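J.: I have a structure here, written as structure tokens, and I will follow up with some questions on it.
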Amino acid sequence: MASVAVKEPKTAITPKKKTKPSRLCYTPPTNIANSKKKILYTRYDCIGEGGFARCFRVRDDNGNIYAAKVIAKASLQNDKTRQKLFGEIKVHQSMSHPNVVGLIDCFEDKTNVYLVLELCEHKSLMELLRKRKLLTEPEVRFLMLQILGALKYMHNKRVIHRDLKLGNIMLDESNNVKIGDFGLAALLMDDEERKMTICGTPNYIAPEILFNSKEGHSFEVDLWSAGVVMYALLVGKPPFQDKEVKTIYKKIKANSYSFPSNIPISSEAKNLIASLLTQDPSVRPSVDDIANHGFFHSGYMASSLPDDILSTQPVWPSTQSRSSFQRNLDYVASAAGVGFGKSAGIEKNKPYALKTDEGDDEHILPSVLSPRDRVNPVMKIGPETKPSSTKLSSIFEAARKTTEETLPSRVKALKEESRSVPKSKLSRSGTTDYEARSGSVSIANLSDNIVWINIKKTALKIGMGLESRPVASSQEPMTAKNILFITKWVDYSNKYGLGYQLSNESVGVHFNDQTSLVFSADENVIEYITHQKNSEAKHTVFSTSKVPDALKNKIYLLKHFKSYMVQNLSRAVQDETLDDIDIKNAGSMVFMHNYLRTRQAIMFRLSNGTYQFNFVDHVKVVVSPGVQGIMVLDKEKEKMVFTLEEACWFTEDLRSRLKYIREVLESWASKLESAR
Ligand SMILES: Nc1ncnc2c1ncn2[C@@H]1O[C@H](COP(=O)(O)OP(=O)(O)OP(=O)(O)O)[C@@H](O)[C@H]1O
């Protein structure tokens, strides 16, 4: 195996003189305050240095740990460098993707500007490659999918990263990709705009940046760099590497690179690298073309990378069933947002304007950049191993075990997560693949306008309530009695679907084929719902004595789900009799429209517009239709109902949960929007 040191010039090249600052910041004080937001950060050790900034581990007053990138104001004396920093912050602020480093906060004091970032515990691919020399193809397959997901997301927002390289691709503690450093990113005003600036890092720079300065460049430059990254991960050094920058450029121009014969690399991998390193940007494949490439459909597909990849080369199983490959691929691709066959459209009507305040000696940051109240939840929809037993009851046991016991131990307290990308390892080994189906299937089939509007409105109302802005309401506030919610559920979606019991005692199953069955509490009525893409669900009602033969199997399963839940599961609330439930809900055939797993919760959306979040710490929050009432079921299964008008009395914990809910809904709505 070749063992070649990986080196890349630290500073990106820019058209004019190097913008390397005269000095990096001094070590900041132990206590750093965002005085506007009244957040105090405690500074710990220095975890990295760039040409422009130093990075320190910091902890906020809630105990969340982040990385603070600290830029000395002394190095921001000229307008160009300031504008560059504003640009970086502004672009970074607009990013919210699981594979992009989250920008949590941004503020300044007299000496420095601070960017508080999601902490990437496992450093960058540069460090990984330094230690490992080479990565295995399954690792590269996994990492490339996440890189492509992040690129697709950026490009949809008309952002070109322009400095994609090993050092800017970091890894979180679960070895998920986090792309950072938007210092050279460009935001295009429209799809036709071309960028003329020559910038990038020599080894990774696309030929059109260097040699086609008249026509400019666009999104394709990032795909070239992704090709360089992929080559480097498999070979151990970038394809055009040389001591002399001039020679690197000559090699890029001549497209002169080869694969060493002593490293076994599959023909699919070589072929993909070759297509990414296509000289002509107009024929370079799009992100989704690449995701459909044979490299992502052969070999071994992992659903996550082992913890110790930094020190140990993983040994992958020599065989993998087609279904396991596909399940893991779907999972990784859907979490990263890489579609198979879907086109990577550019978001329309999103003109960009960087507003800056007029010059102010004291304040480097325009007020539009600071402070920022930002939550960055991650939609994580994730499977893992297949349950070994096929017995219905034991699978149900496994499902409950996963959701009720395993998850909480993997997740930090919610207050930590609300302002950061959580450090949860929910997606890692030990979870079951029940989680996978739900998210991907549900999202794909919910591109319905009405649902989208409902999600948006709910998110908006929650946001307004939290900001104590008056929320228009024409309806009666809800009471605990008339809020309908899910009291029990069991996830068997690796085979059939997800079963649930509602607080009005009706029972339903959301089948994997996008149909639902609901059984009324008195067992006299059965309703069958087919969820159809882009149109309203179709409902058919039967009396229990007259069900069509075609539904007999599903009804059989529904009954199994019901008896399992009745016999094995406790209710989400303290025991109460049917009489306690408002009669308005009894017998109404509300059903679970869809469900979604995030890292911190499972969310159910009921057909009446109720959103229920069962958090991994067992607290449940039910947002009733139109946010007329918010019901909290605490760990002791006690119910409390609030209205948004009471938001100023909410505990920090409830505010955090509602912020999280709002962000999940917003993320979900934008996913639906981009799927339309
Ligand atoms: N979110 C993060 N989590 C952990 N470490 C980080 C994070 N962001 C940056 N670092 C570390 O800090 C170092 C400096 O950060 P960064 O590269 O962004 O600074 P820079 O001066 O803007 O870089 P450049 O020299 O490429 O312009 C990185 O090399 C990395 O080791």
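The backbone N, Cα and C atoms fix where each Cβ goes, glycine too.
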J.: Which range is it, out of 1-22, 309-330, 353-374, 529-550, that shows up in TrEMBL as region 'Disordered'?
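T.: In TrEMBL, residues 1-22 carry the label region 'Disordered'.
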J.: Using DSSP, how many residues in the domain 'POLO box' (591-670) fall into helix, strand and coil?
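T.: Here the numbers are 28 helix, 29 strand, 23 coil.
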J.: Ten-angstrom check, please: count other Cβ atoms within 10 Å of the Cβ of K73 (ATP binding site), all chains counted.
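T.: For K73 (ATP binding site), the count of other Cβ atoms within 10 Å is 19.
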J.: For the domain 'POLO box' (485-567), what does DSSP give as the number of helix, strand and coil residues?
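T.: So the domain 'POLO box' (485-567) is made up of 19 helix, 35 strand, 29 coil.
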